[in-house]
Amino acid sequence: MEAGKEPESNTTTMRKALLIVNCIILSIGNCAGPLMMRLYFIHGGKRVWFSSWLETGAWPIILLPIACAYFHRSRNQPSSQNKLFFMKPPLFLAAAVIGVLTGLDDYLYAYGVARLPVSTSALIIASQLAFTAGFAFVLVKQKFTSYSINAVFLLTIGAGVLAMHTSGDRPANESNREYVLGFLMTLGASALYGFILPLVELTYKKAKQEISYALVMEIQMVMCLFATGVCTIGMLVNNDFKVIPREAREYKLGETNYYVIAICTAIIWQCFFLGAIGVIFCASSLLSGIIIAVLLPVTEILAVIFYKESFHAEKGVALALSLWGFLSYFYGEIKESKKNKPAEITSVSDRQGSV
């Protein structure tokens, strides 16, 4: 019995460690990504398609961990079984479709960030959790406990509390039409990404091949490749490639800093996307949405520190509600795991007794 338990225990431990790593990666991307994108716009950047391109343009970076995983496997597996890429055509097609949707979402989000303060766009994006929960229920039959429902409710209320002070955040040089359009675009981005997260989970479930973390990285790469393709077409139509060199020369922080900001933005957004689909692989799309939502107040506080945006009492209340919702979700998960353990032990004993 001990020999049978040990591999299962090691697999569970590795999965938990992988979940923690992906949560950290997602946190870095989710908090720093909007701040870097806003930094581009507030100092003279105006190209929305270019900004959306930066969200997925660093996809070749994923080739590095994929190659590392390949060389690691080559030590333990026969060369005939080891491949650089494991993705089969149906999974490739599914990742490509999700990538096209991600490219459209990138544009909607970048347009909103160009028009709205970080704090305002962040609170709108918090509504993504409600969309994620709804689509997860429809697409992957997500089971809700009283704790997960409570978490969704508290995090959504937290976003609503923040919305109470939105009107005072509109930039002085921006028209009402631009502000409303930015609001609607960001809301559209929130709804679309709330659909994409459960769609990724559905892809994992319906894939006719075993999903490993190496394969998750391949899916991430294909998604970002096709999303970048969508944004590249937008840049070509909008003549961004001709304008970027001039925009860099006229950038308020200098030409060198312009390109440094662009490169750092692209790398940070890769952290967000890899972390998001990594959390889905280790847990669920709902947890990925909850982590994105709970980091909202952190992004708000960072915007206050770096961009001198106002911090009202509503933001403090939202922070408390978000932390409460986050703890509620994990407390429920711990209780569920403890409840399921006796059943797992009984089933193992039954199997060994029959042998």
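Every residue, even glycine, has its Cβ placed from backbone N, Cα and C.
For 17-41, 53-71, 91-110, 122-140, 147-167, 179-200, 212-237, 257-279, 286-307, 313-332, the entry in TrEMBL reads transmembrane segment.
Annotation: stretch 212-237 has the most Cβ pairs under 8 Å to the transmembrane segment (91-110), among 122-140, 179-200, 212-237. Taking pairs at least six residues apart, the transmembrane segment (286-307) and the transmembrane segment (53-71) share fewer than three Cβ pairs below 8 Å and do not count as touching. The highest tally of CB pairs under 8 A with the transmembrane segment (17-41), across 53-71, 122-140, 179-200, 212-237, 257-279, is held by 257-279. A Cβ distance under 8 Å defines the sequence-distant neighbours of the transmembrane segment (212-237), meaning residues of its chain 6+ beyond its ends; these are 18, 47, 49-50, 52-53, 55-59, 62-63, 65-66, 69, 73, 85-87, 91-92, 95-96, 98-100, 102-104, 106-107, 200, 203, 270, 273-274, 277-278, 281. Touching of the transmembrane segment (53-71) and the transmembrane segment (313-332) is ruled out by the presence of fewer than three CB pairs under 8 A, sequence neighbours closer than 6 excluded.
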